[in-house]
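Student: In case it's useful when we look at the structure, here is the feature table from Swiss-Prot:
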BINDING   Gly67, Pro68, Glu69, Ser70, Ser71, Gly72, Lys73, Thr74  ATP binding site
DOMAIN    320-420  domain 'DOD-type homing endonuclease'
Amino acid sequence: MAQVPDREKALELAMAQIEKNYGKGSVMRLGDEMCQPISVIPTGSIALDVALGIGGLPRGRIVEIYGPESSGKTTVALHAVANAQAVGGVAAFIDAEHALEPEYAKKLGVDTDSLLVSQPDTGEQALEIADMLIRSGALDIVVIDSVAALVPRAELEGEMGDSYVGLQARLMSQALRKMTGALSNSGTTAIFINQLREKIGVMFGCMNYSTRVTLADGSTEKIGKIVNNKMDVRVLSYDPVTDRIVPRKVVNWFNNGPAEQFLQFTVEKSGSNGKSQFAATPNHLIRTPGGWTEAGNLIAGDRVLAVEPHMLSDQQFQVVLGSLMGDGNLSPNLCDRNGVRFRLLGYGCKQVEYLQWKKALMGNIRHTVRENSMGASFIDFTPLPELVELQRAVYLGDGKKFLSEEYLKALTPLVLAIWYMDDGSFTVGSKRVQERTAGGSGRIEICVDAMTEGTRVRLRDYLCDTHGLDVRLREVGSAGKAVLVFSTAATAKFQSLIAPYVAPSMEYKLLPQFRGRGSVTPQFVEPTQQLVPARVLDVHVKLSTRSMNRFDIEVEGNHNYFVDGVMVHNSPETTTGGKALKFYASVRMDVRRIETLKDGVDAVGNRTRVKIVKNKVSPPFKQAEFDILYGKGISREGSLIDMGVEQGFVRKSGSWFTYEGEQLGQGKENARNFLLENADVANEIEKKIKEKLGIGAVVTDDDILPTPVDF
């Protein structure tokens, strides 16, 4: 402890030397100065401001806006320019694409007379101009449109066909290293607009000729045959927006020449011979539960995502949940096939009738019924891949069943009824009590000995907190089995809740007044194709074959397909300019056009979705939707209506929109026009939304001191 003063003194000497060498403020304690809230530039869409978490684009940071062509990237950037200018800011636009339309910018609110515009000839020139403007300290926002158009000088001066691998990426990396500090010091926001391109074929993995692609009708075809014949086929593909397996058209075919080697994969599946097989180059991307992974990084025992039929309806899944809490179990498939077996158990004639009732609810699932020498009846259902994750979550290896909080949230009256019918007992009160109690009384006990200790407590608390039941946990008998004991009042309340779901053969477990209410009828659904995890059984280097060429296809829209049921990527989307911009950007926004807005048959705009894929100033991964009207840009009023309805400030009744008793109009277009004509109402709604959500940093308060700057 005697060394502490010496350490403090040494630190003070070091800080003094640093300030002497590099200037005052070059190092300081974070608490020495009052922290300023983050200053922002509004985007023009309240929904996007909310998704960004701070009310707009942060000042002094790099922002990347990327997306497909005609998705609205430049429109979003120009609205930020207009909002910066509206409060007296200075804006610059580096038009590397030479495509800025002044009239359109003016309609969005941009002061084109004072806008600084540069149309550079090379990427180096564009970035040097941007750097010099930023270092002037007079700029509030600069837009570079676009990164893809920042062509290095060497490439422009070279010959057609010359290769310049990584040249633009190195240029961007160097420029961003120089710009980052200057942006922070000057408080300038730099918006980089970026394009999407696809990584196809030779650099990013391919398939062996014999690998079979899953077609839209469920059949398969060799990828080599599809490519060589340029077959016009539709394949199964996963749509992440709708979370569904959908047919998609093959729009391009690639034969990328010979490969050094292929990896042969064997993956478990439920049907056919129980195995999916395919051969891919080590760098081909395969979908796993944790995301995309290169084939060369996978080993036996890892899990990938595969398409399997889903058979269970919501009602049937509830039957499984209730049975798992009681006498049912899920057993792993021991034949190296995907899926787990759901087994039901019953004893005696009453239980057999109850077992038949359960079997009827699962009637569309293939099963076998058997009886052992002791008279116990069993029903074994065919292995179901959709129950694999449930089995992994419930059986953790200690022999007891583990029910998580998420499991308990899924409990319905039907689930509780099946659990009670499986493991519950009902004791009728004494004759004297029966005489005093209309309809009789009794107590329920439900055995929970097969569950973990933590699960027993969670289940008791769930019944108490969610259903208001007086339930105690105790041990009974010489074996000390754990049971949940219901009070008389809780028994009546619980039986009232589950009575409509009790099987006729189990009504003896109910009070007389609750009998005869059962009305459960089987509910079946058509099988659907869904993604489920599947275990990799084997990976090895495939022996050389006659054809060692690499084949790939490009799929419309989703950029993924299935090989013998396993999900693989065909052409990952990426942004231009290397990875430096991903690293240096504080905010990255993925802009997509999701719908065309029409007035009759005429297109009048687009519905746009923006995903915040990176955010270092607020929680990321939020998304916003708003309208972009042709010739007008982002519809601020439309966004206010959407957010107003969502936050409860604007009331929607049928097609009418109302704000504080005042009708805004019938239909969104009329309500939009009302707010356009009544700016004070629009501003009031915006203010209330921002106050409720706590966004929009205030930077003009008297108690906030400006950061001192030494020149």
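Each residue, glycine too, has its Cβ placed from N, Cα and C.
In the displayed structure, how are the listed features positioned relative to their neighbours?
Tutor: Cβ contacts within 10 Å of Gly67 (ATP binding site), excluding its own Cβ and spanning all protein chains shown: 24.
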Student: Radius 10 Å, atoms counted are CB only; among the binding-site residues Pro68, Gly72, which position scores highest?
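Tutor: Counting Cβ neighbours within 10 Å, the top one is Gly72.
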Student: Could you count the residues of the domain 'DOD-type homing endonuclease' (320-420) that DSSP puts in helix, in strand and in coil?
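Tutor: Helix, strand and coil residues of the domain 'DOD-type homing endonuclease' (320-420) number 43 helix, 24 strand, 34 coil.
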Student: Far apart in sequence but close in space: which same-chain residues, 6 or more away, have a Cβ under 8 Å from Lys73 (ATP binding site)?
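Tutor: Those within reach of Lys73 (ATP binding site), by Cβ under 8 Å and sequence separation of 6 or more, are Ile65, Tyr66, Gly67, Ser146, Ile193, Asn194, Val591.
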Student: Within the chain of Ser71 (ATP binding site), which residues six or more apart in sequence place their C-beta under 8 angstroms from its C-beta?
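Tutor: Spatial neighbours, sequence-distant, of Ser71 (ATP binding site): Val591, Arg592, Arg593, Thr608.
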Student: Tell me which residues of the chain lie with their Cβ under 8 angstroms from that of Glu69 (ATP binding site), as long as they are six or more apart in sequence?
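Tutor: Spatial neighbours, sequence-distant, of Glu69 (ATP binding site): Gln195.
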Student: How would DSSP class Gly67 (ATP binding site) in three states?
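Tutor: Strand, per DSSP.
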Student: Radius 10 Å, atoms counted are CB only; among the binding-site residues Ser70, Thr74, which position scores highest?
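Tutor: Counting Cβ neighbours within 10 Å, the top one is Thr74.
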Student: Cβ within 8 angstroms of the Cβ centroid of Gly67, Pro68, Glu69, Ser70, Ser71, Gly72, Lys73, Thr74: which residues besides those meet this for the ATP site?
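Tutor: Here the non-site neighbours turn out to be Val591, Arg593.
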